[in-house]
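According to TrEMBL:
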REPEAT    10-48  repeat 'HEAT'
REPEAT    164-202  repeat 'HEAT'
REPEAT    203-241  repeat 'HEAT'
REPEAT    242-280  repeat 'HEAT'
REPEAT    281-319  repeat 'HEAT'
REPEAT    320-358  repeat 'HEAT'
DOMAIN    358-508  domain 'Phosphatase 2A Regulatory Subunit A helical'
REPEAT    359-397  repeat 'HEAT'
REPEAT    398-436  repeat 'HEAT'
REPEAT    437-475  repeat 'HEAT'
REPEAT    476-514  repeat 'HEAT'
REPEAT    515-553  repeat 'HEAT'
REPEAT    555-587  repeat 'HEAT'
Amino acid sequence: MSTVDEPLYPIAVLIDELKNDDIQLRLNSIRRLSTIARALGEERTRKELIPFLCENNDDDDEVLLAMAEELGVFVPYVGGVEHARVLLPPLETLCTVEETCVRDKAVESLCRIGSQMRENDLVDWFIPLVKRLAAGEWFTARVSACGLFHIAYPSAPELLKTELRSIYSQLCQDDMPMVRRSAASNLGKFAATVESAHLKTDIMSFFEDLTQDDQDSVRLLAVEGCAALGKLLEPQDCVSHILPVIVNFSQDKSWRVRYMVANQLYELCEAVGPEPTRTELVPAYVRLLRDNEAEVRIAAAGKVTKFCRIVNPDLAIQHILPCVKELSSDSSQHVRSALASVIMGMAPVLGKDATIEQLLPIFLSLLKDEFPDVRLSIISKLDQVNQVIGIDLLSQSLLPAIVELAEDRHWRVRLAIIEYIPLLASQLGVGFFDDKLGALCMQWLQDKVHAIREAAANNLKRLAEEFGPEWAMQHIIPQVLEIINNPHYLYRMTILHAISLLAPVLGSEITCSSLLPVVITASKDRVPNIKFNVAKVLQSIVPIVDQSQVVEKTIRPCLVELSEDPDVDVRYFSNQALQAIDNVMMS
């Protein structure tokens, strides 16, 4: 083959692979379409590659999905925006396939290309494509068409705009529920491009059709459109058109629709203004908090803090707090968990007095919940309450419950408590911490679960950073070093881990006088796991001990002895440590 043809040879291979029976080869070739296009050049890509892709009747969804994705970024390879229209035919074909994810990706790529196209090209090529899809015999084409109107509409002349609105109206009343669903989910995007005069008339009439649909899957997508439409309309239009729909939806016979309302309601409060919120939306929200379906209560409970931020505190205390009290003892653990994950955020909204009187008892009951996730959610957000009521009240009311949870039978709850301890320590102060929580921190070092022991060692390091080396030397080190004599080797290993974490915080002097002798003694342990962990700890201590005589007289001899151990792992880690020492000394 001549040298001129050589660059085209791999291209020929890639094009052949597009027809290969092996799906992996076809996929590989599709993913490298941009390489093929660059090699062919813009003109040959337009005249040869794109027509070839139009005729490519591959039936594998994975290949079609990759093709839809690639074509979305293909505008530069066909000669820029003026030739972007050549990409429309293959994507139009992909918009009609059966697999949803392929259609969605093709629509996404068409939107991307359409947003770059020139206005006259949109009118001549893109809008006819949308009309063809909307009139498609097979429902898949009509489903795809709904996602393209917001790109086609702004550039259309007045007559075409009227026609596009009329076509969308037909799609909203299509026989197939899938088409009506697509029309409902894309209505917000389309409405954002429509002139305000037609917004109140045409778009609101489409919306009303969709909200009265007999399929709950269509109605729940119409709910999603409520918030988007509410932001486009003037407050008074929002009150007259959207508010009645939402209030009806909050009592819909389908729990899925009520679930969507519970998720969206707080967004509508901003659109309708304070007075309609007080008279209409608060009662609707209260109904959802007391719904007979647990899924609806979960969605409503998860939005309780966001809703309280929008309404004024008095309304929240009067109407929403009684529901929150009921939900805190709900029969569904998932409802209580959803409530626990957000309820702490209500403290800053309601203020100090209401938090002490109304919320604290709810926090306490949730802290004692039988379901660990509920307790976890409360523990992890305690700092939000602390900012409102202060540490004295928090410690009196919630600390006994925290101490109880420190010994919880679920290890994840104990872990959450440990991770919260440094924050609690910094808020409580050193005196209070020593009295109430110091013993707990030592207790966790001998927990049966490894993750707890590891977190406890990290916890000691963070406490030493908070309260300083002198406090650590007095309150932590003596108790930690006692455990090195524990008969169980796993606890001895935890102490070695704790020493490696504490040494950088405590500094050279304390490390040499108190920690190093313990590590050296541990090197004589009968368990190989302890010995190779001693080697690791000694390696980590070397940069902290800045006196070379300590390294040469104490650390190196110990490692040399370990490097002759019968156990292969002990020898390996000892030699690693010796090598690290040599590098440190040389530098």
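Heads up, the Cβ atoms here are built off N, Cα and C, so glycines get one too.
Unlike curated entries, TrEMBL annotations are predicted automatically.
Listed by sequence, the residues of this chain that lie at least six past the ends of the repeat 'HEAT' (437-475) yet keep a Cβ under 8 A from its Cβ atoms are 403, 406-407, 411, 414-415, 418-419, 421-422, 424-426, 428, 430, 483, 486, 490-491, 494-495, 497-498, 501-502, 505-507, 510, 514. Proximity of distant same-chain residues to the repeat 'HEAT' (281-319), defined by a Cβ-Cβ separation under 8 Å and at least 6 residues beyond the stretch ends, is recorded for 243, 246-247, 250-251, 255, 258-259, 261-263, 265-266, 268-270, 272, 274, 326-327, 330-332, 334-335, 338-339, 341-343, 345-346, 349-351, 354, 358. When pLDDT is averaged over the repeat 'HEAT' (164-202), the result is 84. Distant neighbours of the repeat 'HEAT' (164-202): 127, 130-131, 134-135, 139, 142-147, 149-150, 152-154, 156, 209-210, 213, 215, 217-218, 221-222, 224-225, 228-229, 232-233, 237, 241; these residues of the same chain sit at least 6 beyond its ends, with a Cβ under 8 Å from one of its Cβ atoms. Per DSSP, the secondary structure of the repeat 'HEAT' (281-319) breaks down as 32 helix, 0 strand, 7 coil. DSSP places the residues of the repeat 'HEAT' (242-280) in helix, strand and coil in these numbers: 33 helix, 0 strand, 6 coil. The DSSP breakdown of the repeat 'HEAT' (555-587) into helical (H, G, I), extended (E, B) and coil residues amounts to 27 helix, 0 strand, 6 coil. Using DSSP to sort the residues of the repeat 'HEAT' (164-202) gives these counts of helix, strand and coil: 31 helix, 0 strand, 8 coil. Mapped onto DSSP classes, the repeat 'HEAT' (10-48) shows 32 helix, 0 strand, 7 coil.
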